[in-house]
Structures are given as structure tokens and as C-alpha cells.
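These notes are about the structure you will find just below.
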Amino acid sequence: MMPPDKATSDAPVFQFTNCWILKNHELQREDLWVREGKILNPEKLFFDEKKPADVQLDCKGSILAPGFIDVQINGGFGVDFSLATDDVGAGISLVAQKILSHGVTSFCPTLVSSPSSVYHKVLPQICVKNGGLHGAGVLGVHLEGPFISKEKRGAHPEHCLRTFETGAFQELLDTYGSLDSVRIVTLAPEMKRSSEVIKELTKCGICVSLGHSMANLSHAEEAVQHGATFITHLFNAMLPFHHRDPGIVGLLTSDQIPPGQKVFYGMISDGIHTNPAALRIAHRADPKGLVLVTDAIPGMGLAPGRHTLGQQVVEMDGLNSYIAGTKTLSGSIATMDTCVRHFKDATGCSVETALEAASLHPAQLLKIEDRKGTLDYDTDADFLLLDDNLHVRATYIAGQQVWRQDSFAI
């Protein structure tokens, strides 16, 4: 006779008890079962393997939520992802390790508009990488610029900006050098030949985001029809909403989105970049499309003073960061857990909604919700333990505790 199903594993089963799990869009009083880095269906364990958990862990009434995913982060703790150094990997690793305490388990290192030589040096040094004790996982790079509008460049240096006019997609390839580790490209859809570029990027499986742009609504709708699925930091660095032409903001309620396609939008919920009333308007218009991003700069986690952001010098003053000598905002110094709490307070939304804006929605944007962003069975066991006020108590990647608050033991 054949032995019983040998596919069963001898690896230990961990059972997280006394917790509220975010599942199917609501907090449920349930246990979470984990084995070999994946979330386990306990029924299969009971009926197929007839075995209990090897280890039980008391979560002390914590909320268990999927790990946060930050798709726009320029650096932090003195590390600038847009600086051409010989050891970009070390900087990425430092940030990856530090953001575990903010609940971030995966992220997209983001480069602002830079000279072509910077992309050619930096991009080959960034690899897609699973998270673990060493830090949050790298999902791929977000290239914000340089194919953006001069008028809406924000903190991006004008001398680095480029157009597609001569070579279209080839121009982009020549500028970046390689798209191997690229996950998102932010561009201005009103630029000539942008439609060709959007189609090609989409064919490569790269998410196209609209931002730093003077686009009207029809430009934006056309870009979406060619494959764009994201808006970079809604309201910031784009035409303000106007009732006769709402611009890119109008995508939130557009009736021209192709069937089956979803447009997501990033929000910097730091209390500075977006007025709470604007945050509420966006959320009420399209709650399922909202993706919280930090847009964090190298000064995040450091004392006020002068820091870099790519080719620019940035001045941090309290919670504000400006291009030195100006009042132009240049990214944020907020952490992801702070953004989640501010979003919940500003909109009055549920705990579930706030948590999903930093987990499920970015996973759906990147089309990885089959393995990240939920606590569904067979997905990666990347999750957080949080208190009732959404402060992170502990962070887990692939079922392993990678960070915990000093005062919290499990």
C-alpha cells in the first residue's frame, strides 16, 4: 500500500491565539495557523493530518493584520536611493531593516528624476528579494520620473527631466539602462508618444503610474485605456480639481475605465501633503482604490536639518521637508504606521479599511494579492500584531518574528 499523503510536512505548526484577525475585510476572533512561512488552513490540518499545533503563541488581544506594503519610499535614516554609490545594496538593506518597526514587510525603493548615469549605476545594484530577519522584502523599483512635466516637477530637478519625443520607448530604455528590477514607472501622460510607452511598459508587466503632470481628464483616461493603473500621490504635483475638467483626479469617478481594470491612487496621509478634507473626498469617491504611501525621504528617522533627495538638498523643519531655500514640499518624513493612524483619524474609516489601504490595496495594485496583502490560506505569512490604536507591537515575515516592541513579549 502507498503511505498516506507524503505531501504533509514535518515542519512545526505555529498557532497564534487570543487575537483579532483581519480576514475578508473584517476583524474576526480567530486563530492564525502558520507553517513553513505560509498561512495554513486549520481544517486541512485537523482532517488530513489529525495533528494539533506544535507551538501556541498568545497574542494578548492584538489585532493581526497583513504586513504593510510601501510602493513609494525614496529612502530614510540617511540613505538616499537616488544617489549613485558603489554600495546601493547596503543602503537598501539598512532601510529594509529599520522599516520593520513601522510594520512594513515589503517595499518598492523609489528613485526620483536623476541623470541617466545614476540609473545605469543604481538599478543593476537593486534586486528583487524576499524579506526576513534581515529586513522587509524588495518588490522592485519605483522610477518616479524623469519623464514628467516641467511645470509640475515639484522637488524633481529641472535639468534631469526628459521627453519621449525622439525615441519613445527606446528613449526610456536608454535612460534607465535596464528594466529588470523595475515594478512601477511614474510618468506624465500628456507628453507626446506617452501612449506607445505606456503600452510597452504594460506589456513588460510594469505598473504605469500617472503623476507630476499637467494632464487633463481625457489625457488621463487615454493613458488608463493603454494600461496605466495608478496615480502617484493624488492631488500633489497635478492640476487641481476643476469642475469643467477635473484632470487626473477625475479618474476616481470616471466612466471611461475599461471593464475589469481598476485604477488605484497613492495618498501621502501625513497631515501635511493632503488636507484631511481632501483625503476624505478621495476616500469617499473611491475607497477601494486608495493606497497609502509614505513618499519618505532620506531624512525620515533623522533629526531636523539638511539632507539630500537625489540631486537636491532638502531642509527638514519639524514635520515639513522642503527643497532648501524654497517652500516646495519634497517628500515626507512620516512612517507607514503613522500614515495608517492619521488616515483612520482623518476619514473616520474603520480599522479594517485603514489597514487594507496599506496592505491589500498595494498588493492588488502590484497584482500580488495571491501571496501578499491578505491573511488568506496559502499566502505568505507576513503579518503584524497591533494594539487597538494601531501601534505596531510585532512584525512577522514568512511566519518569523523580525521585530517587536521592547515592552511586548509573545
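Using the three backbone atoms N, Cα and C, a Cβ is placed for every residue, glycine included.
Model, not experiment: these values are computed from the prediction.
Every protein chain considered, the tally of other Cβ atoms within 10 Å of the Cβ of D295 (active site, proton donor/acceptor) stands at 29. Per TrEMBL, the feature active site, proton donor/acceptor maps to D295.
Residues or ranges marked as Zn(2+) binding site by TrEMBL: E144, H212, H233. The Cβ of H233 (Zn(2+) binding site) has Q72, G211, G266, M267, I268, H273, V293, D295 as same-chain neighbours under 8 Å, each 6 or more residues away in sequence.
Just so you know, the Cβ of S330 (substrate binding site) picks up 26 other Cβ atoms within 10 Å once every protein chain is counted. Marked as substrate binding site by TrEMBL: A155, N236, A237, R244, H273, L329, S330, G331.
Feature annotation from TrEMBL assigns domain 'Amidohydrolase-related' to 63-402.
Mean pLDDT of the predicted structure over the domain 'Amidohydrolase-related' (63-402): 97. Figure note: comparing Cβ neighbours within 10 Å for the binding-site residues H212, R244, H273, the maximum is reached by H212.
The maximal spread of the substrate binding site, taken as the longest Cα to Cα distance among A155, N236, A237, R244, H273, L329, S330, G331, is 30 Å.
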